[in-house]
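Novice: Starting off with a structure, shown below.
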Amino acid sequence: MALMSNKTAIESILGNFEKKHVDAIYNAAAQTILSHSEFRNKHFAYSLNSYQKKIASKVGIELYPNGYLPHSHPLSKIFENHLLFDVLPGVVNTSRLVMCSIKESKVLVFKGIRDKSRRQVSDLNALNSLNNSHTSFINRLVASKDVSRYTEEADAFFQSKKGSPELFSRNFIKSLENKEAVFFHDEVHHWTKAQMFSFLKSTKVKRFIFTVVYPPEILKKFANSQNPKVYDFKVDKGRLFFFPDGVKTEAYEQKLNMEWLFSASHLRSGDCVWTVTRHKSIYAHHLFEISIGELVTDSKLFFSDYNSIDMSKIFLDRFRSYEVFPISIEHLYKVYSYLLCLKKPDLESGLAKLRQIIGDDVEIKEFLFFEQFCKRLIERQTSWGLFGHSFFEKLTDMALSSLPNSIARIFPQWKKKNTFEFLFSLGTLVVDVERKVCFEHVLEEWGFEVVITDENAYLDPLSIFAINENFNEDRVDDGYLERIRLPFWNLNDYDLKRKRVNAYNILSYRFEEERKIESAQKGPNKMLQIEWYGIKEFKVDPFISNSITEFTLLEALLGKRIDPKKYSYSKQACTLSNYLTFLCAEGLDGFNLEEHLERRLKAAGHDVSDDEEEELTSAEQAGPIKILADPLGFMKECLEEIPIETEPSLEERGQFSTDYHSEKFEINYNDIFNPHNCMNTHGDEIPTPSDGNCFFSAFTETFEVERPDTLRSDFSDWLMEFNGGSYASLAEMIRPNGVFMEAELIYLFCVFRGVTLIIHDRTHEKENVYAVHRGFEEGHMVHRGNHFVGIETYNISTLTSDPLLGDIPCGFSEEITKFHFRPDHFNCAQFRGRKAAFITKVDADYGHNGMVYPHNSWVPSLEEIIQICGQGDDFNCALINFYEANSSLGFHRDNERVYNDDPILTVCTFGEGRFTIEFKDQVTSFLMTAGSFFLMPKGFQKKARHSVSNEMSRVSITFRKHVRRLNGSPIAIREENYKNTCLINAFSKAMKRSKQAIIAKLKTVNSPFWSRYLSEGNGGSIEDCQSACEALDVTVDLNVNGKCVVLGKGALRISMALRNNHFSVINAAQLMERTFVSHLLEKGNVNVLEGFDAMLSGDVGAAGVNKIQFAANFEFARILANSFLNMTTGICLGKALDNGEKYFLHILKDRVKQIGIDVTMVCGFAGSGKSRKLQSWLHSRKKGNFCVVSPRTNLAADWAFKLELEPNEQRKVSTFEKFIKTDKSKLDLIVIDELTLFPNGYLDLLVYELADVNRHCQIILLFDPLQARYHNKMDESILTFEHDVDRLIGGQNIEYIYSTHRMSRYFNRFFDVPCFNQADRTEEQRLWIFDDVYSIPSICSDRQEPCDVLLVESDLEKKAFSPIINVMTFGESQGLTFNHVCILLSESSAASNEFRWMVALTRARTRFSLCSTFLGGIEEFKVKRKESLITSILQGEKITFNRLNLMLKCNLIRREKENGCRDEVDREERLEGDPFLKPFIFLGQRVEKDEDEVEEVKIREPTCQTHLYITEPNFGLCYNFDFIREKEQREYREDMLVTNQFCDSYDKVHINGKRETPGPLRFKAIYPKHSADDDMTFWMAVRKRLVFREEEENYQRLSRAHLVGGLLYTNFKKKMGLEFTFDQGLLEESINAFEKKKLEKSCGTIKSHSIRSDIDWALNDVFLFMKSQLCTKYEKQFVDAKAGQTLACFQHLILVQFAPWCRYLETQIRNQLPEEIYIHSNKNFDDLNAWVKKFFQRDICVESDYEAFDASQDEYILSFEIHLMKDAHFPQKIIDAYIDLKCKLGCKLGHFSIMRFTGEFCTFLFNTLANMAFTMCRYEWRRGQPIAFAGDDMCALNNLAVCHDFDDLFELISLKAKVERTETPMFCGWRLTPYGIVKEPELVYNRFQVAIEEGKVLECLENYAIEVSYAYSLSERLYEVLKSERQVQYHQAVVRFIVTHIDKLKTKVRDLFLEQSSDEDI
């Protein structure tokens, strides 16, 4: 986080350059600024406030630094100068410029700028020619102020005719006539539109450039300024009064209506057209240009120089403008977000926040608005949101929207909805103006009614929302202002009725004009002046369509593309009538109207014969009259005459685009060979003969041509007549057969045919695609060298009018064919006619119809294909299909649950196939060839199905985005969202590697396992820790419940603990018994059994592991074998069809009746992780000989996915039938998963086979004995013997894992099993019970928890409810996992056994619900079930472990797994009162460090008694009488201010206080007291302790100080012997220590300081105040008034950012300091006492004190700190932020110089370091010489010699030391002696007396007793220290006082004073 500023890469590296290089870099900038300074000083040096500076800089104006020129409206003046002198010279590129309405002085400045700029880019000859610049100026008198502005020459152009409508005199027009460029300054806003046209037509200037002043918000009907600090205005009766900078006395009056100018893209008068260009807009100042000709210009203008909310969202009354005070959007967002952050928001907090934001810019209207806004927000909140509505809420919303607001506002839902819509639709004000052609002959009026808002708009803003239609723009106001029956008046209006009337008025006006024309034949051509730009606004309104001449509208729509000789007016009118009737009948909107009309006209029209010419003429003459007389009848007549479906002839198609208008045709070279992005799919090239006619042959293959043999001659004939025969020469040239077609001829041919030709140029290796002409039909051909060939082209055409399927993105790229994929590259699934490989780069799986695809890792080439297609890069999975020839895939939808309705990309890399799409009842197909692709967009799968058929082999890739796994669990969880990763965190800290690096390594070893581990967020077990050890190659000593388990086998050994479900790192394992887990097996070893038993039996895997001897029964095996052969069990081992007998040869012969075998069982609760450790073990031993046998295909696929088996290793996972067929002779291990689902006798059958082929194979059985046993209707009467599981566990004690990773805490209300799933569920969430199955999907969906499956007991129920919801039987669901299941309570389930119910109750992760269809209801169901699991749940009883144990014939021994999944939330709770600090404190799991306590041996020194003399009573008062002076003499006075530091009375009464002395002689009067209300003391502190300087000077001084700072640090580092290496662990500990320290405060304290966390508190702004204190230092006794101590309060973010780094630095330095260097902190007096005893040398000591120590820590000390930080490996961004903070720091008093502040982060550390650096330079210090440091205090216990090596340095730095050499040194208020430290007894005595006066003895007794104890413990040796009688007196008095209050002491110091006998005892 950048604290003060963000730096670019170059700015960041500048700090590493040498000073000369930095100076050289900045020298260029200095020269540039110098070159600009003279000009900027004259025109941009006006004095601006900070806001105005910000505004000017934001719009890109270069200001003169520190402007000083006063001006009445400086900002507007700067805007004007910027347009004139910065922008205008770049716009005018001609020297022939005439400037008008501008002072001569400004013209001269403008000419100077232009001459200077041209001089820089011209040579000498050009320079000479510039001397003849033709820039001139002409002024005329228009306004009264012009008389004083311009010279008397302007009078010559004054229009003196009274009442003349012309604004310009003849002389003036003549002087500007035919000029190349004319510029008007700030005059055009006085003109009308008519005057603008008059000027343009009269002068005929080529370029008319002008500035205008006009507030853009008027265009959006705002009647007052939305930038009141920049400008203001007032609207009054069609006049606009503009106030620059809001200054009313400088007002300008001008015309209100300038809408015609801003909304005009072109000006048109007859055949003359001008283009309007807006060059620049700066708030209300604009620069426009009008140039001759019809050029491309902006279709819209945008004005966004606003920071207020768009109040038009509120005031939606039609046809009115409102006076609205601008409400800052920034203020609104900040107040709104602040209130949301508060747990208990209140009105006062919101308004206080607003007051803090706006500072001194208080506006009462804004306060009134926010007062009501905050009230409404607090009272009603904004519960109405975007998502999560129930069906009922949606209905309520629709009803409220349709009600009048007067009724709707009664409902509380409306008010919440209203607030939400206001906030949701809120945006910054942007004025956008739609531009169109402005006609001269169309008169304009602009409706503008101002509605002055009253106080209600601010007292109750929501009532204004109510009046203004609740933002529902579909509702129409019935009232509107008087219509102005003139065209182009507000054509696009809110009101539909008014819009129709306006449109009708325009048409009526045009028809009246048409009737005046004498020649009716010219009528339609004349009507072309209407043009499409006006007609298109009518939107084909039926109101208009019945009132307009149809063929006239058609011509206006299609422009000049209609050939009147080809299409009769009757046909045109009929075509239009038919289509308009169709539009009205269907209720369509007329989208792409002109294209549809062209297509229909093309179908209806035909060549005009000689006989028809008469009809044509008569129609031309009578048509308009007839149609106007009876338009509907004429339409009907035309409709009967000509069928609209008539297909056009060849000639009609070929000549459709012929232009017969008077305008001359010119070849548009911009329309020839334009680069084109072809999105069609192409097949093979179509060869053409190389006979010179290849173009025509290819054209014939591309387009349907009826007479291809005459194509060349028809084209030649057309050229002869086209454009008046101007292309006759080309016609003769192209007529001969074999003449090659070239560029212009190809273009003309496309014009002739009216087509668009797409040419694929494949002459070179890279294909280029070009488009020629824009016609009605598109075709493709290939150009290779000088030869044209055809090409097969396929386009996914529009299926229906449905917009979803209208245009499916598709394309083709040759690069795709370069990618080659083969089935043997991947682990494929086999289907009929195809193989498919599923590839993913996330933890995803995929399957359908009961099968699961094998897993393949992502390959980089797929990313390249995605990039080539360019259809998005959000795909994370791909399915590669390898189709065989003549294969197909039927109609289907890609709508599996693993993904949402996201786009799906299909790419064909090899071969070709036909893709068919079925939508509703329509079917369309297209061919996909190699290199083609298309995208099925979002929503496609819901509306359409698709199929594929292939005649030849083909490779297709389908890219998708998977969001969840097949079981419903989410995937693609972002790393920062991982939960319960204390195991990962522990490895990260122990190995000193980042968490990301640990995760990356784990995923490379076993991606499925660790991806699922992180996604589920259920924490880690001991087995997971072991897997991590093997993956990371480390050895972990894991401390678990007092035992130490050794995991892994690696060179690196670390110690961890698992306590309270939390993994943490410990320094070293304690001495305890260790259990070693075998690591005999290296990764990759083929012997899968080596170390396996040790893994199972060790402490890591012991939970749930049982060793049991199983007695296999031959009879049971034989029965099952016969059942397989008879196909009553299984389907693929039949005797007849499958030759199954060969697999049971070992059973057919006689065998012993029983065989005993030792098996290993792992038993555990559902989701307990029974298979997890085995999967981890086998994953690293995939080369071993093992096989996992699963009862179902989907379970087997899950094993294969987690083991990441290669294609040739798939045999290692098998279903139970396939496993019977496999060879078992080489297997070392067989894992049977979910044994309860295997048929009875399967284990017997397997044991007898192994007895023959492999006696050494080990069998592992995984099952939950509480789950249902195998059941099959076909063999239930055959396999009647007891199931293998029950025979195994019968009468045994079974270790059972009683915990679950599957189920959430929701299930703890039903079971007492520990649930490790961290889903957001609680036990309190109620059980849902539904009354019928039909309501389950809708209710669950509304509750945001859709039901995944309905579990039923019988197949009959499954069939009945399958159409409604996904249904499974209890048995089918066994082994599967869902998020939410619903269990059906019915007659069938009431008869089900407890094991099957256990299956149903344990299938869900987050919730199960119930649905009752039982006849009689829930109560009868409970009676039927009696005592059962489901009955307990219905009665609210928790199912206990003991209750489950009773279900079995064995004894389950409960074992719970330790799991690390504890997250801490106490930090968040502690920060509840400071929401702004919360984001900056780590709220996750803390690093818990256990440190071994080392008990130190304490040496007890001998104590001896001493005699203390009894002092005289009140002896202290005698001394005070001599030393205390009058208060008047001690206080400081300046002018009328005087300090108040010394008390001389008992003016303040203290509880329990005593008055033992007169007021002037009070002990409190000994010391100066600083109070916050003492202004003079504060100003003394400011003068003494603070230095102010501008930040620029601070930076300059710092840049010059680095040499001295470097010397200081180099010397310091050398003498201290410091060497730094970065320690990440120490940094994390420092961060944690800081946060813990911060949060040790109470919640109340944190909340009371929350204002310091306010995000709006500027980081470089401190709150400065004076510390209130009684200065009870020994040296402050009896002194005069002293300056106060200033404190600086910093923003909390500063502390959060820097404090941990300072802790880190302090620890690093302390660890390296020699023991003779002591830093005293944290009031640890024992350490100081021990250090003094050890190093005191009875020598002369050196003490140093500093003058203004804080203020003296200037840029040199800062440079020293920077060098230290860099050497300590601080990040550069931290150093840069620290520099910025020190240089930019300020408060309300101004900017500070670089200095230290009390209250700054780590003030003590940096003070101490500065003190040490100074001392090391000042004195000749050698190793072994003891020195104590503490902030600005220093005491050396040797007589150090002064060093003169740095004398020059000391002349530069501000630090000045006061040195004292003494034999009785003082340090931090302690006297240092050979026997330790002693506190000055006089100081303690006086403090006690002050406490007695104020009644605070008990508050300080303990601390003072501790201070005195050091002297008291010296006994008789004290007399060597206290050498004066006065000191002994004070000491005796203090000790006696403590002894008399000894019963009040609580700490161990009490024992010291009790050991001594009193005088009375002797």
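Note that Cβ sites are derived from N, Cα and C of the backbone, with glycine treated the same way.
Source: prediction; values computed, not measured.
These came from Swiss-Prot, pasted as-is:
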- Cys982: active site (ACT_SITE)
- His1062: active site (ACT_SITE)
- His892, Asp894, His946: Fe cation binding site (BINDING)
- Arg954: 2-oxoglutarate binding site (BINDING)
- Gly1164, Phe1165, Ala1166, Gly1167, Ser1168, Gly1169, Lys1170, Ser1171: ATP binding site (BINDING)
- 64-261: domain 'Alphavirus-like MT' (DOMAIN)
- 683-794: domain 'OTU' (DOMAIN)
- 874-963: domain 'Fe2OG dioxygenase' (DOMAIN)
- 978-1067: domain 'Peptidase C23' (DOMAIN)
- 1122-1297: domain '(+)RNA virus helicase ATP-binding' (DOMAIN)
- 1298-1445: domain '(+)RNA virus helicase C-terminal' (DOMAIN)
- 1739-1846: domain 'RdRp catalytic' (DOMAIN)
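Please situate the listed features within the shown structure.
Specialist: In the three-state DSSP scheme, Cys982 (active site) falls into the helix class. Its Cβ placed at the centre, Cys982 (active site) has 25 other Cβ atoms within 10 Å.
Mapped onto three states, the DSSP output places His1062 (active site) in strand.
Taking the Cβ of His892 (Fe cation binding site) as centre and 10 Å as the limit, one finds 12 other Cβ atoms among all the protein chains shown.
Counting Cβ atoms from all protein chains shown, Arg954 (2-oxoglutarate binding site) has 24 others lying within 10 Å of its own Cβ.
Mapped onto three states, the DSSP output places Gly1164 (ATP binding site) in strand. Neighbours of Gly1164 (ATP binding site), defined as other CB atoms within 10 A of its CB across all chains, total 26.
Secondary structure counts, DSSP: the domain 'OTU' (683-794) has 45 helix, 32 strand, 35 coil.
Summarised as a single figure, the pLDDT of the domain 'Peptidase C23' (978-1067) averages 81.
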Novice: Taking only the Cα atoms, work out how far Phe1165 (ATP binding site) lies from Cys982 (active site), in Å, as a whole number.
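Specialist: That comes out at 24 Å between the alpha carbons.
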Novice: Between Ser1171 (ATP binding site) and Cys982 (active site), what is the CA-CA distance rounded to a whole number of Å?
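Specialist: A Cα-Cα distance of 22 Å.
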Novice: Give me the count of other Cβ atoms within 10 A of the Cβ belonging to Ser1168 (ATP binding site).
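Specialist: Step by step: centre on the Cβ of Ser1168 (ATP binding site), count other Cβ atoms within 10 Å, giving 27.
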Novice: Report the DSSP secondary-structure composition of the domain 'Fe2OG dioxygenase' (874-963) as helix, strand and coil residue counts.
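Specialist: Per-class counts: 4 helix, 53 strand, 33 coil.
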Novice: So if I draw a 10 Å sphere around the Cβ of Gly1167 (ATP binding site), how many other Cβ atoms end up inside it?
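Specialist: Result for Gly1167 (ATP binding site): 22 neighbouring Cβ atoms inside 10 Å.
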Novice: Taking the center of the Cβ atoms of Gly1164, Phe1165, Ala1166, Gly1167, Ser1168, Gly1169, Lys1170, Ser1171 at the recorded ATP site, which other residues in this chain have a Cβ no more than 8 Å from that point?
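Specialist: Going along the sequence, the neighbours come out as Gly1104, Asp1264, Ile1297, Ser1299, Thr1300, His1301, Arg1302.
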Novice: Other than His892, Asp894, His946, which residues of the chain come within 8 Å of the Fe cation site, judged by Cβ distance to the Cβ centroid of those residues?
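Specialist: Counting only non-site residues, the set is Phe891, Arg893, Asn895, Gln941, Arg945, Ser947.
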Novice: Using Cβ distances below 8 Å and needing 3 or more such pairs, separated by at least 6 in sequence, tell me whether the domain 'Peptidase C23' (978-1067) contacts the domain '(+)RNA virus helicase C-terminal' (1298-1445).
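Specialist: Judged by the Cβ rule, the two regions touch, with the required three close pairs present.
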Novice: For Gly1169 (ATP binding site), what is the tally of other C-beta atoms lying within 10 angstroms of its C-beta?
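Specialist: Cβ-Cβ neighbours of Gly1169 (ATP binding site) within 10 Å number 25.
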Novice: List the same-chain residues at least 6 positions away in sequence whose Cβ sits under 8 Å from the Cβ of Lys1170 (ATP binding site), in sequence order, or say none.
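Specialist: Spatial neighbours, sequence-distant, of Lys1170 (ATP binding site): Gly1104, Val1162, Cys1163, Gly1164, Leu1262, Phe1263, Asp1264, Ile1297.
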Novice: Taking Cα atoms as reference points, which of the binding-site residues Arg954, Ala1166, Gly1167 is nearest to Cys982 (active site)?
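Specialist: Of all the candidates listed, Gly1167 is nearest in space.
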Novice: Any idea what the Cα distance is from Ser1168 (ATP binding site) over to His1062 (active site), rounded to a whole Å?
Specialist: 18
Novice: Out of His892, Asp894, His946, point to the one nearest Gly1167 (ATP binding site) in space (Cα versus Cα); all of them are binding-site residues in the record.
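Specialist: Going through His892, Asp894, His946 one by one, the Cα closest to that of Gly1167 (ATP binding site) is Asp894.
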Novice: Of His892, Asp894, Arg954, His1062, which is closest to Ala1166 (ATP binding site) if I measure between C-alpha atoms? They're all recorded positions.
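Specialist: Going through His892, Asp894, Arg954, His1062 one by one, the closest to Ala1166 (ATP binding site) is His1062.
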Novice: At a 10 Å cut-off from the C-beta of Phe1165 (ATP binding site), count the other C-beta atoms across all protein chains.
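Specialist: Within a 10 Å radius of the Cβ of Phe1165 (ATP binding site) lie 30 other Cβ atoms.
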Novice: With helix taken as DSSP H, G or I, strand as E or B and everything else coil, how many residues of the domain '(+)RNA virus helicase C-terminal' (1298-1445) land in each class?
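Specialist: Helix, strand and coil residues of the domain '(+)RNA virus helicase C-terminal' (1298-1445) number 58 helix, 36 strand, 54 coil.
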Novice: Work out, from DSSP, the number of helix, strand and coil residues along the domain 'RdRp catalytic' (1739-1846).
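Specialist: The breakdown for the domain 'RdRp catalytic' (1739-1846) reads 42 helix, 23 strand, 43 coil.
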Novice: Hey, does DSSP put Gly1169 (ATP binding site) in a helix, a strand, or just coil?
Specialist: coil
